[in-house]
Amino acid sequence: MDKFWWRAAWGLCLVQLSLAQIDLNITCRFEGIYHVEKNGRYSISRTEAADLCKAFNSTLPTMAQMEKALSIGFETCRYGFIEGHVVIPRIHPNSICAANNTGVYILTSNTSQYDTYCFNASAPPGEDCTSVTDLPNAFDGPITITIVNRDGTRYVKKGEYRTNPEDINPSSPTDDDVSSGSSSERSSTLGGYIFYNHFSTSPPIPDEDGPWITDSTDRTPATRDQGAFDPSGGSHTTHGSESAGHSHGSREGGANTTSGPLRTPQIPEWLIILASLLALALILAVCIAVNSRRRCGQKKKLVINNGNGAVEDRKSSGLNGEASKSQEMVHLVNKESSETPDQFMTADETRNLQNVDMKIGV
């Protein structure tokens, strides 16, 4: 039992260590815009997104800045926060990215957790893939923050960047998701590193029918092994020459704008480990109780004999091959008279003759 509790304490320590580490995957900068993914899944709230960009000496980008980055090849397959919206920049249509739409795809339901996009005003123009080696505005803290660049290089720093207590100790679990993409690149996360496959980009093709806007809540299935999908909620995209805050792009095949499957909550890892330990403890307790009952619950046989009769021990076999159960036996031996019927007849005749003699004498 002591060994069990030692293992349980060790497991809880490992859970706490895993919660005290943050991995930040960063893409190249396109006109100062870049994508940041935390711990390989959608796990950044809107308040944390602003704090994270601030830690990188950046800000949340505006829609105009996103459109400018899109025009030079910035493309991902991940939802992320910008100023006032949750978007995906798309150049090439893909059924599992932005519901097969192109342009800056806007998700109208933005109450959950996503990735974030940041804008660094001091970044060089065009595409910049220089490795990020610092988190300049982070303050002191116990968290181990690891910055993973596109080329696999890492920068590790102890500190903290979150200012909202709910972001530090979230009350609701985050959702696991697929890996992120980057501008003009499709990426996949493996062991904390990001591998990129470049492909050529082309500017958006305008639609001959002019501006349009669609709205729909239809849902299309998506597979996790192919790329990111659209979280729950209706979404929309715009096309053509619209005002600031809408996207410019093309739509392929006239397909309706759709959103992906519902985001299902995931049980935290520490809760799974704790439940497993409790279940193991319960199983061990039941086994110990059953074993103790088998040892202490055996019955002994009681034999009462007056010494004149023979006692035959009987054993009853249990069902299904179980051990035979002891029986409590009380054997009573009655002593029978040893006189024979002839002896009884002789005694009666003697008494009768005595009575006759007495009568004759009288």
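From the backbone N, Cα and C atoms, a Cβ is placed for every residue, glycine too.
Note that the structure is a prediction, hence the values are computed from the model and not measured.
The compositional bias 'Low complexity' feature in Swiss-Prot is assigned to 232-247.
Listed in sequence order, Cys28, Arg29, Arg150, Asp151 are the same-chain residues at least 6 apart in sequence whose CB falls under 8 Å from the CB of Cys129 (disulfide bond). Under the heading disulfide bond, Swiss-Prot lists Cys28-Cys129 (among others).
Counting every protein chain shown, 27 other Cβ atoms lie within 10 Å of the Cβ of Cys118 (disulfide bond). If you look up Swiss-Prot, you'll see Cys53-Cys118 (among others) marked as disulfide bond, on the strength of sequence analysis.
The disulfide bond annotation in Swiss-Prot covers Cys77-Cys97 (among others).
Here Swiss-Prot flags Asn25 (among others) as N-linked glycosylation site, drawing on sequence analysis. Using a 10 Å radius centred on the Cβ of Asn25 (N-linked glycosylation site) and all shown protein chains, the other Cβ atoms total 24.
If you look up Swiss-Prot, you'll see Asn57 (among others) marked as N-linked glycosylation site. Taking all protein chains in view, 14 other C-beta atoms sit within 10 angstroms of the C-beta of Asn57 (N-linked glycosylation site).
Annotation comment: Swiss-Prot describes Asn100 (among others) as N-linked glycosylation site, evidence class sequence analysis. Secondary structure at Asn100 (N-linked glycosylation site), as computed by DSSP, is helix.
Summarising the annotation, Swiss-Prot assigns N-linked glycosylation site to Asn110 (among others).
Under the heading N-linked glycosylation site, Swiss-Prot lists Asn120 (among others). Asn120 (N-linked glycosylation site): 19 other CB atoms within 10 A of its CB, across all protein chains.
The O-linked glycosylation site annotation in Swiss-Prot covers Ser180.
Annotation source Swiss-Prot lists N-linked glycosylation site at Asn256 (among others), citing sequence analysis.
Taken from Swiss-Prot, the feature phosphoserine applies to Ser292 (among others), supported by similarity to another entry. When secondary structure is read from DSSP and collapsed to three states, Ser292 (phosphoserine) falls in the helix class. There are 10 other CB atoms within 10 A of the CB of Ser292 (phosphoserine), with all protein chains counted.
Per Swiss-Prot, phosphoserine is recorded for Ser317 (among others), and the stated evidence type is similarity to another entry.
Annotation source Swiss-Prot lists phosphoserine at Ser326 (among others).
Annotation source Swiss-Prot lists region 'Stem' at 225-269. Regional average pLDDT for the region 'Stem' (225-269) in the model is 43.
Per Swiss-Prot, the feature signal peptide maps to 1-20.
Between the listed disulfide-bonded residues, namely Cys28, Cys77, Cys97, the fewest other CB atoms within 10 angstroms of a CB are found at Cys28. Of Asn25, Asn100, Cys118, all annotated as recorded positions, the residue with the shortest Cα distance to Asn57 (N-linked glycosylation site) is Cys118. Cys53 (disulfide bond) falls within a helical segment according to DSSP.
Closest in space to Asn100 (N-linked glycosylation site), of the recorded positions given as Asn25, Cys53, Cys77, Cys118, Asn120, is Cys77, taking the CA atom of each residue.
Closest to Asn120 (N-linked glycosylation site) in space, going by CA atoms and restricting to the recorded positions Asn25, Cys53, Cys77, is Cys53. Among the recorded positions Asn25, Cys77, Cys97, the residue whose Cα lies closest in space to that of Cys53 (disulfide bond) is Asn25.
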